Structures are given as C-alpha cells and as structure tokens.
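Database features (TrEMBL):
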type	residues	note
BINDING	His201	heme b binding site
BINDING	Thr202, Asp253, Asp261	Ca(2+) 2 binding site
DOMAIN	33-334	domain 'Plant heme peroxidase family profile'
SIGNAL	1-28	signal peptide
Amino acid sequence: MAKGVGCSTPLPLVMALVLATAAITSLAQDPSQLSLGYYSKTCPTAEQIVRTEMECAVKANPRNAAFIIRLHFHDCFVQGCDGSVLLDDTATLIGEKQADQNVNSLQGFELVDKIKEKLEAECPGVVSCADLLAVAARDATILVGGPYWDVPVGRLDSKTASLDQANSDIPTPQQGLATLITKFSAKGLSPTDMVALVGSHTIGMSRCANFRDRIYGDFQLTSKSEASAQVYLSKLKETCPTDGGDDNVSPMDYTSPTVFDNAFFETLIQGTGLLNSDQEMYSSLLGFETSHIVEKYWAESISFFKDFSDSMVRMGNITNPAGGEVRKNCRFANA
C-alpha cells in the first residue's frame with residue numbers, strides 16, 4: 001500500500017509508491033496548462049489518495065460530500081480555483097473565511113487538511129490544494145450517487161486571498177436572477193452552467209439565516225398554497241422562527257437530501273425551493289432564460305448529470321492568472 005493512503009476501509013488496487021517528486025513555486029498560471037496527466041509521473045497515486053480519504057469521510061458523514069463541493073465552488077468564484085478559500089488569517093494576510101457567504105457556513109477544512117497530509121507524505125510539494133479540492137469535489141459527487149468526470153489538474157495555489165472579492169463575487173441566497181446570471185457570466189459561465197451547478201444543492205443543507213426571508217416571504221405565492229407545501233412550510237417555520245435559530249439547518253432537497261439526483265429541480269417546479277436564489281431560476285419574471293433548463297433537468301436526469309459534469313470542468317478551469325505555488329499546508333502560504 002502506498003504510504004500516503006490511509007483509512008479504516010481503504011479502496012483496493014492502490015497504485016505503487018512513487019519515487020519522483022517535483023516542487024513548483026511562484027509560477028504563472030494559464031488554464032491551458034491544466035491536463036489529465038499532470039501528475040502521472042510526479043504523483044501517480046494522487047487521485048487514489050484523494051478518493052480513499054473521501055470515501056472514508058463520506059461514509060462517516062454524508063454531509064462531507066456537500067462540504068467539499070461547496071468549498072470548491074467558493075474557491076473558484078474568488079480569484080479562480082487557487083485554494084485561496086483555504087487560507088487562514090495571519091498577521092500579514094486577511095483570508096476569505098470571514099466573508100459573508102463563508103463565515104459560520106463553510107465546513108470541511110479539517111478534511112482538506114487530512115487529505116493534504118496524506119498527499120504530502122506520498123509526494124512532498126507536488127499536489128496543490130486547489131487540485132485537491134477539484135478532485136475531491138468530483139469524488140464527493142460520485143460517492144453520493146452523482147456523475148463521474150475527468151478532472152484536468154495542474155492548478156497552483158495562490159499566495160493571497162481576497163475578502164472583498166469573496167463578499168462581492170460569491171452569489172447570495174437573497175439575490176435575484178439577473179444578478180445571479182451576471183455573477184456567473186463574469187466567471188465565463190452561462191445560464192445553463194448556473195442551473196446545472198446550483199443543482200448540487202440536491203445534497204446541500206442551508207442555515208435558517210439564509211432561508212428565513214424566503215419562508216416568511218413569497219414561499220406561499222410560488223407554491224400556490226398547495227396543501228403539501230403548507231405542511232412543508234410549517235415544518236420549516238418550526239426549524240426557522242422569525243427570531244433566533246440562525247444556525248438551524250434544513251435540506252435544500254427534502255425528498256432525497258443525501259443522494260445526488262435531480263429531485264431538487266422538482267422542488268423548484270413545485271414552487272417550494274428553499275432559497276430565494278434557487279426558486280428565482282424557475283419563478284422569476286426573467287425565468288425564460290432558465291425555467292426550461294430546470295424542467296429539462298427534472299425530466300431528464302441524464303441531461304442534468306452530463307451538464308453538471310461539463311459545468312464543473314468549466315468552473316474548475318478558471319485559474320488565477322497571478323499564478324502561485326504548491327502549498328505544503330493548505331491553510332498557509334509557504335514561508
């Protein structure tokens with residue numbers, strides 16, 4: 001067994017120990033540099049190590065899948081997919097963990113630390129934290145029933161972070177469809193990419209603070225006051241009172257919250273989407289750009305899986321032109 005692979009239930013057929021290692025520091029980054037075989041000689045066991053650790057983590061707690069996918073998304077929307085979301089605050093650096101959409105919300109950092117420790121034991125200074133997140137997000141999706149896709153790798157880790165950009169660029173649950181489309185477009189992502197990527201909410205949980213306005217707002221209007229929707233709304237209000245309970249959580253897909261499937265889109269068609277930003281994709285006056293995509297994904301799970309895979313690759317190919325390094329510890333830039 002490769003020395004970097006470790007878990008109580010390791011996957012079979014782990015690749016042999018690597019002898020070659022490489023160090024990457026202060027390089028520029030061009031998305032065309034990403035490739036499927038980037039680590040084939042320097043760390044051929046890299047993806048297997050990530051997969052083994054993700055399998056153990058998701059087995060222990062299925063919510064780890066959503067934690068990692070969300071970390072990857074929030075990483076890519078700020079400076080590109082460069083691991084900046086993982087950086088801790090220091091005396092000389094303000095990280096992104098205290099951004100409005102990250103604080104009291106993002107989880108999974110300890111799991112990233114564990115995977116990185118395994119990678120460093122196997123191939124010191126070779127596999128970036130940004131690549132770790134991209135591969136782990138793919139594996140997280142598979143492990144809860146979602147599609148597979150090949151992950152181009154070769155990303156570099158930034159030496160900086162941007163709290164301001166995290167606050168301005170990451171979509172929020174309260175925003176309208178026009179704003180959401182604009183934010184995705186700014187990253188080179190289309191409305192189809194947006195709907196597909198938001199489909200990952202099929203395994204997500206949301207804090208009361210993020211859906212309170214929705215359930216005490218237009219929820220009854222979009223759900224047309226259907227009896228079943230009223231029962232669901234009553235449960236949501238028990239979880240999320242008008243005052244207090246900000247950290248109480250509820251699944252965004254209440255029919256199959258731990259399975260990556262297309263059931264999330266049915267909630268939007270029924271008008272019972274938990275977040276305003278999600279429901280906007282179907283109920284907004286501007287929904288002519290997105291409502292037909294929601295309907296297609298609910299009718300055709302294969303279409304959703306294919307588009308989600310393609311969109312994850314497109315999002316994952318957003319790199320930081322400033323380049324960077326391969327961090328030894330995902331929480332801190334190298335000394």
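Yeah, the Cβs are placed from backbone N, Cα and C, and that goes for glycine too.
Summary of the Ca(2+) 2 site environment: with the site residues Thr202, Asp253, Asp261 set aside, the chain residues having Cβ atoms within 8 Å of the Cβ mean position are Gly199, His201, Ile203, Thr255, Ser256, Pro257, Val259, Phe260, Asn262, Ala263, Phe264. His201 (heme b binding site) sits 7 Å from Asp253 (Ca(2+) 2 binding site), taking the C-alpha atoms as the reference points. Averaged across the domain 'Plant heme peroxidase family profile' (33-334), pLDDT in this predicted model comes to 97.
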